[in-house]
Ligand SMILES: Nc1ncnc2c1ncn2[C@@H]1O[C@H](COP(=O)(O)OP(=O)(O)OP(=O)(O)O)[C@@H](O)[C@H]1O
Ligand SMILES: [Mg+2]
């Protein structure tokens, strides 16, 4: 028995796909256009706008900065967030309930306010280098995602397994690495990818924390479109997509888990 | 290797709620002791205390003369079998069983040999490379058992290890556990809320209630000579009747409840104080339609037990539950007499009523 498809449902599904895939197709098309302005469908085929990315030094620099910041911020957030998520689930009964909320604040508070606050406090106040301010901002930005995702993964973890290991003679710290972490690996990978992409795509926090000489790719894209209307931004977008997908593939391969399917 | 375990007036709390109160328990070397009690009475808490996952607010825990009270859990060297088995999901059966030996720095070759031997002993030789997820409940239970046994601990603890298994497997496994424990002579603490399981497997049973040990004795003693009303009800003395001795002649006693005189004998029930509570199982009160020296009763609801009929009755001493023979069914509303069967009755002191 095959269920009959409701035409309205099919129509909605098609529309959703169009909205999701449409922009990607348009960007890909526009990036390949031979014209000096953004257009779709592309007129003529050329890779010159991809080459152009690398001729503009600001793009070269910001791509590197963006990936550096995304990677380092993600790692920092993991170093802080994994123990935090662990403590929040392990000692849920003993800890005050607002403590968990604390880690979601950066999501709840509008990012612009938060970014501005950070600019004031970190960069200007302490006279910290711009890169440090940027890194700190992004770490705080992605931390809630890390805590949430790993927390969700730990909520199905049976802590008596940890006690079993301890009773067999494994010290608590070692137990965390040999027993707890391997069992929430899928969550760690998911958190990594989510945090990385969040940082890579961020505009609002970065806007307040970039400065002379140091900027991120999304900010550079904004700056570029203010002056030029050529297809370079489309090419950068495609490049960014390819790099992100490639990076995710590497993370997935090396850690060997199909968390996205779950 | 076998060592006695001694809990000395241990008190434990979770936050502000007292869970264990002044609990003392002495388990002899090589003995298997069960903690038996209703849900929430503190059985698991007692195990967690001994294992070191919870610190007592007062009192001491000693194993083989060594004070464990301040020793961190990972250095206590106690084999623990969890209720849900708590196997490491990411490790194979071999990895699970070998874990404790690895922590002890046992060289790979010897570890492998001991794990093999242990797996063969619990009948899991062919499953060494499986992950726990690919095992049945009974097999997981064996892995948990092997994992705790292979480190040859001076103390083994089981937290309702059979509660997830079906009835038949449960009986088989408890015999196996008893055999393994006997052959190793390892001091053991076994938690269950199944009375039959506790009585069949244990040298002694501690009946717990609200964080206290109500009685700690051999199963036979608990079953026949409960020390207080709580334990009496727990082991099936459903009828508790307050009585007064009116006359004694040697071991024969005349006692009275609500003006009804009964003849009893100390030979079957042990010493009887002047005021006492008579505990009687349903099979300890024989329901008979012929007028006899018993408690007059009006038959209420009759239920069929297979080996006998059971009656809920109204009597001058209050509602009582009695059994009667299959050959003589009594109808609701009829008059009957309930005659105490001394060796199915017990005597309780009223002052020990909690
Ligand atoms: N982490 C905790 N925080 C607060 N109270 C707890 C905690 N764990 C247990 N308790 C309480 O302590 C009491 C004893 O719990 P325990 O787990 O020892 O019971 P148990 O005898 O093992 O019961 P069961 O047969 O259901 O396993 C219960 O009243 C329970 O509510
Ligand atoms: Mg329990």
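Using N, Cα and C of the backbone, Cβ positions are placed for all residues, glycine too.
Per TrEMBL, transmembrane segment is recorded for A:7-32 (among others).
Among the features that TrEMBL reports, domain 'ABC transmembrane type-1' is placed at A:63-251.
Per TrEMBL, the feature transmembrane segment maps to A:67-86 (among others).
Residues annotated as transmembrane segment in TrEMBL: A:98-119 (among others).
Taken from TrEMBL, the feature transmembrane segment covers A:125-147 (among others).
Positions annotated as transmembrane segment by TrEMBL: A:176-197 (among others).
Residues annotated as transmembrane segment in TrEMBL: A:203-225 (among others).
Residues 24, 27-28, 30-31, 33, 38, 49-50, 52-53, 56, 59, 63, 67, 189, 192-193, 196-197, 200, 217, 221, 224-225 of the same chain, all 6+ positions outside the transmembrane segment (A:232-251), place their C-beta atoms under 8 angstroms from a C-beta of that stretch. Residues or ranges marked as transmembrane segment in TrEMBL: A:232-251 (among others).
Here the transmembrane segment (A:203-225) touches the transmembrane segment (A:125-147). Their Cβ atoms form 3 or more pairs under 8 Å, with each pair 6 or more residues apart.
The list of residues near the transmembrane segment (A:67-86) in space but at least 6 beyond its ends in sequence, with Cβ under 8 angstroms from a Cβ of it, reads 103, 131, 134-135, 138-139, 141-143, 145-148, 150-151, 154, 176, 180-181, 188, 191-192, 195-197, 199-200, 216, 243.
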